[in-house]
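Reviewing the structure listed below.
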Amino acid sequence: IDTSHGISLQNGAVPGEQGKQEKSVKRGNWGNQIEFVLTSVGYAVGLGNVWRFPYLCYRNGGGAFMFPYFIMLVFCGIPLFFMELSFGQFASQGCLGVWRVSPMFKGVGYGMMVVSTYIGIYYNVVICIAFYYFFVSMTRVLPWTYCSNPWNTPDCVGVLDGNVSSRAALNLTQLLNTTQKRTSPSEEYWRRYVLNLSDDIGNLGEVRLPLLGCLGVSWVVVFLCLIKGVKSSGKVVYFTATFPYVVLTILFVRGITLEGAVTGIMYYLTPQWDKILNAKVWGDAASQIFYSLGCAWGGLITMASYNKFHNNCYRDSIIISITNCATSVYAGFVIFSILGFMANHLGVDVSKVADHGPGLAFVAYPEALTLLPISPLWSILFFFMLILLGLGTQFCLLETLVTAIVDEVGNEWIIRKKTFVTLGVAVAGFLLGVPLTTQAGIYWLLLMDNYAASFSLVVISCIMCVAIMYIYGHRNYFKDIEMMLGFPPPLFFQICWRFISPAIIFFILVFTVIQYRPISYNEYVYPTWAISIGFLMALSSVICIPIYAIYKVCRSEGDTLLERLKNATKASKDWGPALPEHRSGRYAPAFSPSTESHLEVQPLQPEKGQSEAAAASPVQGSNGSAHSQDSRL
């Protein structure tokens, strides 16, 4: 992978440390930098970019929403992203191992694992529904085009059931609107055929076998892509992270050439500046940035832990965050151009056809696609894009859990058997996803989406900021970053990490509590017991933090509570860079003066190293200086 490892093993490493050196090579690295960037882009860009952002934008004042959105990106999104990447990269550990920095807070790592477990379970169910739609789109006529199927009701009015008659029928139904509401064939297909929806969350009914089969397919795909850990998934992302952009562009070109597309896009972009003073708009912008970038899921720490020590993660975090937000904005054009076309065709307002969440992906958009010539082709492309967007996130969720388990056990045997750990986690995820394929599955899916992964992420992130900046100490952390990147974090980031980002996270927390409304799905209101289960899921991840902290304080040495607290929060001895040749300065091993003097010299001449690297290989970029120093060792 990296020649400097081999060289430093002979010259720099202490004989006693040899095992540690090899272990990190065994743990694996990215093949190259592009793999890491693509994986992180695939992780950050998910289904929410397509089905949440455009709708939020249209609902919160169109183009005016971009203003709070980008402010939140700059002051909260990018700083948190950079913090998690640098944290994982410095220690080369998953979301549990990094907490050697302050062992009392390891509960934060467990909380991240719990959150990733919940998300991993239901995210793959959404992918499996996309797989199902992908397979049924391979026909000459999409099955949700007409109202003549056995599952349709008399209320069903298709957009294609003879244009003139359907317009007349629509006018007629508008007259009789007091009793009936038009349902589209795509909505009936979704509710009455694909889900065969039951009337209540407690009434599970039967397992929908086609969905169960697709769930099996999606777990097998995820497992096969992760069979060799980041070695295999790093190759897969070349396709899964880039191809959605090809599809988006094809759909974009198709969309803007349609009649009425401009109306839809104007709906999406026309700024309503009066809304900018509304706190809800700012809250929505902050939460969307926060959830969209995948902060506090543990995935960013895990992915960065496979980087080389001197990789410039500062540059990566800016590239990835901006790509993620640009994708959201771009997807809005794709969605709203076709919704505008459909609204124009039906002669209604765009707000009547706009939707978000599964309703957009599986009802509104597929229906709009039936109006296009060769509609099965567009449908196949659209669902293929959804599958790839979902898989990119799912890879990282699974890898987070596997890495955390393997790093925590940490012996030779489990590192060799990592594939079996992956298999075990995948099988467990499949079995836990089975209830979500029943007739009440969508109720459970939305319950998990709303509770398991909203409130708790904010708490986890806030505690992580405080632990690193105030308990471990910002000066220590800035020094660590300087040792890793060759420069301290820019002043802007120092201020954000210490004051602005925690304040924004706290604002999101307060906002979430004030804005809280019990969850509902269309007309169905969830019963109290279901909402209690939702709160228990949200609590289950946060509760790890105090429980572990109390356990750690009890197990620490010290006579008084204060001494115990000090010992529990103090960085453990094995905190620091994973490879011995990077443990310079205050991380240098005390027992070997020769190595220490070797390593102490290194940072004194970074300019020379950089000029050598520049002369040697202009291609190598930011990693160059680091490698030339390593080989000089």
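Heads up, residue numbers simply count up from 1 along the chain you see.
Glycine too: its Cβ is placed from the backbone N, Cα and C atoms.
Any TrEMBL annotation is an automated prediction that lacks curation.
Here TrEMBL gives transmembrane segment for one range in the set 214-241, 242-269: that range is 242-269. Checking C128, C147 against TrEMBL, the residue bonded to C156 by a disulphide is C147. Listed in chain order, the residues near the Na(+) 1 site other than G42, V45, S292, N324, L389 are V41, Y43, A44, G46, G48, N49, T327, G392, T393, each with its Cβ within 8 Å of the site Cβ centroid. A sphere of 10 angstroms centred on the C-beta of N324 (Na(+) 1 binding site) encloses 25 other C-beta atoms. Packing against the transmembrane segment (66-87) from elsewhere in the chain are residues 40, 57, 98, 101, 276, 281-282, 285-286, 288-290, 293, 295-296, 300-301, 303-304, 313-314, 316-318, 320-322, 325, 329, 461, 464-465, 468, 480-481, 484-485, 489, 493, 496-497, 500-501, 504-505: each is 6 or more residues past its ends and has a CB under 8 Å from a CB in it. Same-chain residues at least 6 positions away in sequence with a Cβ under 8 Å from that of V45 (Na(+) 1 binding site) are, in sequence order, A241, P244, T323, N324, T327, L389, G392.
Of all Cβ atoms in the protein chains displayed, 21 besides its own lie within 10 Å of the Cβ of C156 (disulfide bond).
On a Cα basis, N49 (Na(+) 2 binding site) lies 31 Å away from C147 (disulfide bond).
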